[in-house]
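K.L.:
This is the structure I want to talk about, given as structure tokens.
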Amino acid sequence: MIWLEENMIKITFCFFKVIFILLLIVFSSAMLSIVERRLLAVFQNRYGPNRVGWMGSLQLCADMIKILFKEDWIPPFSRKFIFVLSPVIAFTSLLCVIPIIPFTSHFVIIDLNIGILFFLMMASLSVYAILFAGWSSNNKYALLGAMRACVQTLSYEVFLGLSLMGVVAQSGSFKISDIVNSQKYIWNVFPQFFGFLTFLIAGLAVCHRHPFDQPESEQELADGYHIEYSGMKFGLFFIGEYISIITVSSLIVTLFFGGWLGPWIPSCIWFILKIIFFIFLFILIRAALPRPRYDQVLLFGWKFCLPLTLFNLFLTAFLILV
């Protein structure tokens, strides 16, 4: 009975920890949309949202009310079940990666032995949301956007996986906490700089962030694969994009920048500050870079990212052998 009570306490504590982290990430993703709009306004020397509340502080509430009260319309010509399922997959696929990321040495929900492989699996799953959304909408622009997203994601996931193999080889483990502990004396970004560079580029592509947002380019495809979505279904796609930004930023910090490791201040503060830096970098990239052509995006991946990733693997193998 004592054993059963101890297990029930552990399960209950883990359950509330999962709920707390997931709610925190969803709320942070919603807030990130307002932060991005304000920062883009600063970069472009214009006013951002500043009408609702003090300095636009209540703009998020206004946006949520607008989305909740919009008509939740399903096109009569769509494949309804898949049409409804797609935003749910987009919202949950990379959100499920958050529980395997250690926030501190003592605060991790699930410390998987195959944490890296689990992330790659969930990143691959996210492309199905876009494929299903474009196909089930029965709209030519949505289908073109879905086709672009599939080719782009499948191409850059090759580099996403290969860029992490150097980190895995150097730390000797697929377990994310072991990778963080292996950076006690030197961060992986120094011996694995080319791997970090490729992972950052591939992470932008997997998140479909600028300059890799061809699947939803407004000027060419009229918002691409979610052209037929409205209301909360569109909101799930919208929040899912920001969840993917937080997830990829957390993984960059964990795998290449020592995770929670840092001097003087508490480890959780270090982890959050590093994540904020890379989120700011994602927004700065959107503000600074133009959108290239679709064929240029694919050629850049195969002609630049693939050789760079292979060079990083050979260099890592050489350093390990020496």
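Glycine residues also receive a Cβ, built from the backbone N, Cα and C atoms like all the rest.
Annotations per Swiss-Prot:
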- 15-35: transmembrane segment (TRANSMEM)
- 50-69: transmembrane segment (TRANSMEM)
- 81-101: transmembrane segment (TRANSMEM)
- 114-134: transmembrane segment (TRANSMEM)
- 149-169: transmembrane segment (TRANSMEM)
- 186-206: transmembrane segment (TRANSMEM)
- 237-257: transmembrane segment (TRANSMEM)
- 265-285: transmembrane segment (TRANSMEM)
- 302-322: transmembrane segment (TRANSMEM)
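Show me how these features fit into the shown structure, please.
P.N.:
Within the chain, the transmembrane segment (50-69) has long-range Cβ neighbours (under 8 A, six or more residues past its boundaries) at 30-31, 33-34, 37-38, 231-232, 234-235.
Distant neighbours of the transmembrane segment (114-134): 82-83, 85-90, 93-94, 96-97, 100, 142-147, 149-150, 153-154, 157, 160-161, 164, 167-168, 174-177, 179, 206, 208, 215, 224-226, 229, 237, 240, 244, 251; these residues of the same chain sit at least 6 beyond its ends, with a Cβ under 8 Å from one of its Cβ atoms.
For the transmembrane segment (186-206), the residues of the chain that approach it from at least six positions outside its boundaries are 123, 126, 152-153, 155-157, 159-160, 162-164, 166-167, 170-171, 179, 212, 244, 248, 251-252, 255-258, 282, 285, 297, 301, 305, 308-309, 311-312, 315-316, 319, judged by C-beta separation under 8 angstroms.
Remote same-chain partners of the transmembrane segment (237-257), defined as residues 6 or more beyond its termini with a Cβ less than 8 Å from a stretch Cβ, comprise 25-26, 28-30, 32-33, 87, 90-91, 93-95, 97-98, 101-102, 119, 126, 129, 133, 164, 167, 176, 179-180, 183, 187-189, 192, 195-196, 199-200, 203-204, 206-209, 226, 229, 271, 274-275, 278-279, 282.
Long-range Cβ contacts of the transmembrane segment (265-285) within its own chain (Cβ-Cβ under 8 Å, at least 6 residues beyond either end) map to 32, 35-36, 39-40, 43, 103-105, 107, 204, 207, 209-211, 245-246, 249-250, 252-253, 257, 259.
Counting residues 6+ beyond its ends, the transmembrane segment (302-322) has Cβ neighbours under 8 Å at 155-156, 158-159, 162-163, 165-166, 169-170, 191-192, 194-195, 197-198, 201-202 in the same chain.
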K.L.:
Report, as numbers and ranges, which residues of the same chain sit near the transmembrane segment (81-101): CB under 8 Å and 6 or more residues beyond its ends.
P.N.:
18, 21-22, 25-26, 74-75, 108-112, 115, 118-119, 122-123, 125-126, 128-130, 132-133, 135-137, 176, 226, 228-229, 233-234, 236-237, 239-240, 243-244, 246-248, 250-251, 254
